[in-house]
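**Student:** Sharing the record's features from Swiss-Prot:
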{"type": "BINDING", "residues": "G151, V152, S153, R154, T155, S156, K157, T158", "note": "ADP binding site"}
Amino acid sequence: MKRLRVFVVSDSVGETGDQVAKAVISQFRPGLENTVIRRFPHIQSEELIRKIVFLAAQQQAFIVYTLVRQEMRKLLRDLCEQEKIHAVDIIGPALQSMATFMEENPLETPGIVHMLDDDYFKKIEAIEFAVKYDDGRDPRGLLQADIVLVGVSRTSKTPLSQYLAHKKYKVANVPLVPEVEPPEELLQLDPKKCFGLIISPEKLNSIRKERLMSLGLNDDAIYAQHNRILEEIQHFEKIVGKIGCRVIDVTNKAVEETANTIIEHILTCK
């Protein structure tokens, strides 16, 4: 098998070119066997491009490049043609097509997609918030949250909190159990930002039985019994009635679908 050398040349970190190179090579060598991929990141000078092309010619390497500046792409392309080196421009054609479509010139700023902006930090902050105030751990977070989820056990409160956090919403959730009084903060918050998650007793019974079996426990425990589930749902309805919040039926709904319903409601109420 022929030894394959691939140079990934980028004016940023080179992640895009690296992933494209691996995706293409895997169509010929699924395990990337006998293949060497070398990344050349932050290449923003003519001198470095000339050195890379010289090295590629010596090692008979294939070049994949993602350079946003037109003059740098042209230089690399011309040098590769002179040295008869096979090279593929990953980003240039897309930039040119988009410029024509938008009737605008690109910024040609390397690494702009990786810049850490306000949105990035807001997302990280929201994710940390969701972890800190998950499962009613600290009721002080309820009044700070953008969204509060309440519901009985196994109604997808935690995965929904995490999904919404990735949309930059600070989410806290509280499990409602008949034996435990809900935190007083729950009755103090704006009901428009609180959502009760309800599920059919039959579906909840099935989910809880599966959960018990996955833990190696008997599926006839009180936790999964029909009467217990009805008691919890009745308690849930009593609490959400006091809060005056919207109730969403999550029976057979994907987390994404429920999240979209919540986001639409939040945006409508602004």
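Including glycine, each Cβ sits where the backbone N, Cα and C put it.
Could you tell me the structural context for the features on the list?
**Tutor:** Summarising the environment of G151 (ADP binding site), the number of other Cβ atoms within 10 Å of its Cβ, over all protein chains shown, is 26.
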**Student:** At 10 angstroms around each C-beta, which of the binding-site residues R154, K157 has the fewest other C-beta atoms nearby?
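**Tutor:** Relative to the other binding-site residues in R154, K157, R154 has the fewest Cβ atoms within 10 Å.
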**Student:** What other residues of the same chain, not counting G151, V152, S153, R154, T155, S156, K157, T158, have a CB atom within 8 A of the CB centroid of the ADP site?
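**Tutor:** Close Cβ neighbours, site residues excluded: N173, P175, L197, I199.
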**Student:** Just to be sure I understand the packing, how many Cβ atoms besides its own are within 10 Å of the Cβ of V152 (ADP binding site)?
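**Tutor:** Cβ-Cβ neighbours of V152 (ADP binding site) within 10 Å number 23.
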**Student:** Pick out which of the binding-site residues S153, T155, S156, T158 has the most other Cβ atoms within 10 Å of its own Cβ.
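**Tutor:** Per the Cβ count within 10 Å, the most buried is T155.
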